[in-house]
């Protein structure tokens, strides 16, 4: 079964390499422009704005993608090849975090923002609540992100028991690297989708949420289609292989989700209150994730995946509603323009 892991990883790597090598500058700029907070810090440091798109495209590719993949492979080497135990990757992560902290402390200066715009926490949350209540698009976008993130964080704790229900020996680090490669594939696809003027983010994200929901139903379907084995240990089972392909599909959707949701946030949520509004939605999200994890042993794993799939379908429905609402002002403006044209006298 090790051949199966290498085959999946190799195919994904080849597709990602082909997409990245064929990217145009327009594709890279569309992806990097979504990272507004990093853009603000970048400009405050006094770096050349002409380097902005190149800097962020490299940060997305090398930082969010390549480093995560190498980290997974390195963790797998520590556990399987060097036999240092399951805690070794966490110890290594602590070392890298310490190195990162030292670099930041020695090279970065604090970004205090604009002191004239500082508000107390209660005022910020009150303003966020007013913005959410007065604009349905903001409420829908926050609910969509919370539903997807809730499913994603729950999935993080479910994929291991799903792939090894009978204590099968699976290379966790290698599978994690494969997931990160899938997410990298999704990010490459997202940059191409956002570069197309004929495609709207609100439109294709409905398909992304539907595909995500379908991919997390696979653990439920395999219990009915594939007869479960009771044999302990061994390699990954046939049903586990099918689920792994579905999980890679879900991770690809995660890669599409992040740049796309950032673009929608920049369109619908005012920049001065964006972070507060999104933190407002993270309060129930964090409570939900904690409740789920606390009771993860109380329900079968298929129930948990079914719940995540339902959340993603609800996100798909809300995304459809958001697209309909977003199109209404344009229709109204067109009708107003038509009425103004008809009321004007003919210029002869």
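From the backbone N, Cα and C atoms, a Cβ is placed for every residue, glycine too.
Features reported for this protein in TrEMBL:
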{"type": "TRANSMEM", "residues": "6-22", "note": "transmembrane segment"}
{"type": "TRANSMEM", "residues": "59-78", "note": "transmembrane segment"}
{"type": "TRANSMEM", "residues": "90-109", "note": "transmembrane segment"}
{"type": "TRANSMEM", "residues": "138-162", "note": "transmembrane segment"}
{"type": "TRANSMEM", "residues": "174-195", "note": "transmembrane segment"}
{"type": "TRANSMEM", "residues": "207-226", "note": "transmembrane segment"}
{"type": "TRANSMEM", "residues": "238-258", "note": "transmembrane segment"}
{"type": "TRANSMEM", "residues": "279-295", "note": "transmembrane segment"}
{"type": "TRANSMEM", "residues": "301-318", "note": "transmembrane segment"}
The transmembrane segment (207-226) touching the transmembrane segment (238-258) per 3+ Cβ pairs under 8 Å rule: yes
Beyond the flanks of the transmembrane segment (279-295) by 6 or more, those residues with Cβ under 8 Å of it: 125, 128-129, 132, 142-143, 145-146, 149-150, 153-154, 157, 304
Top partner of the transmembrane segment (174-195) among 6-22, 59-78, 138-162, 207-226 - counted as Cβ pairs under 8 Å: 59-78
Listed stretch, out of 6-22, 59-78, 138-162, that has the most CB pairs under 8 angstroms to the transmembrane segment (207-226): 138-162
Positions whose Cβ lies under 8 angstroms from the transmembrane segment (59-78), at least six residues beyond its ends: 16, 20, 31-32, 35, 38, 84, 88-89, 92-93, 171-181, 183-184, 187
